[in-house]
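Chemist: Please read through the structure below; I'll follow up with questions.
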Amino acid sequence: MASLSFQELAFIFGLMGNIVSFLVFLAPVPTFYKIYKKKSSEGFHAIPYSVAFFSASLLLYYAFLKKNEYMIISINGFGCFIETIYLLMYLIYAPKKNKISTVKLITIFNGGGLGLLMVVSLLVVHGTKRVSLVGWVCAIINVAVFAAPLSIMRQVIRTKSVEFMPFTLSFFLTLCATMWFFYGFFVRDYYIALPNVLGFLFGVTQMVLYFIYKNANKGHAGTNAEIEEMNNDIEMNASVDDHTENELK
């Protein structure tokens, strides 16, 4: 039996990465259905969705510059679409103060960050250096997004509770990072591959912590203050983790 070529392997891993990332992008649907039913943002924060929208937009721009990156274009095109829907729903049902802060975030990330990068890359940098510049920015942003679970893991260790770090999510994020690492490796795109090494390591660490502490709360009850602080930290970071990989495209 003939072995698969790098191009064929890249297609297989890219396709699987698209499928898993598609499911991860849809993870917040129950949350926004709840927001829709109650006509209230219920204290949820828009930061994770703003960051996910920025990351997907950035990777989409990178893919267009590099050309023929259909796997990256497809999933991040969908990512921009679904994140736009999430943000619009949030803006409809959030309090006025949160609406203003959300519009500011979108303006800063996409209007400022992505807009500035596009101007610099198109007017100042030329040739292959243009792709390299945007690729490095994508890699740095993805590393920063992958660091979001650190807060969650710290809370799990401190409170000995995995309530806010579900195993299924950690598993799919790890799987997603694996798919995109191998895709980046086989197409020799290390701006895509290398950040996903970090994503894989964080994902595995989360799963290990889950098995260590999944029964610990039976003999340990965290204080109300601990749980409240955990809620506040995780609400801000868990959704970023949900999207991260999609970002990884």
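Quick reminder: no glycine exception, Cβ is built from N, Cα and C everywhere.
All TrEMBL annotations are machine predictions without curation.
Annotation comment: TrEMBL describes 12-33, 45-64, 70-93, 105-127, 133-152, 164-186, 192-213 as transmembrane segment.
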Chemist: Output the single range from 45-64, 105-127, 164-186 maximising the number of Cβ pairs under 8 Å to the transmembrane segment (192-213).
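Modeler: Selected stretch: 164-186, with the most Cβ pairs under 8 Å.
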Chemist: When you look at the transmembrane segment (105-127) alongside the transmembrane segment (12-33), do they share 3+ Cβ pairs under 8 Å, ignoring any pair fewer than 6 residues apart in sequence?
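Modeler: Answer no: the transmembrane segment (12-33) and the transmembrane segment (105-127) share fewer than 3 Cβ pairs below 8 Å.
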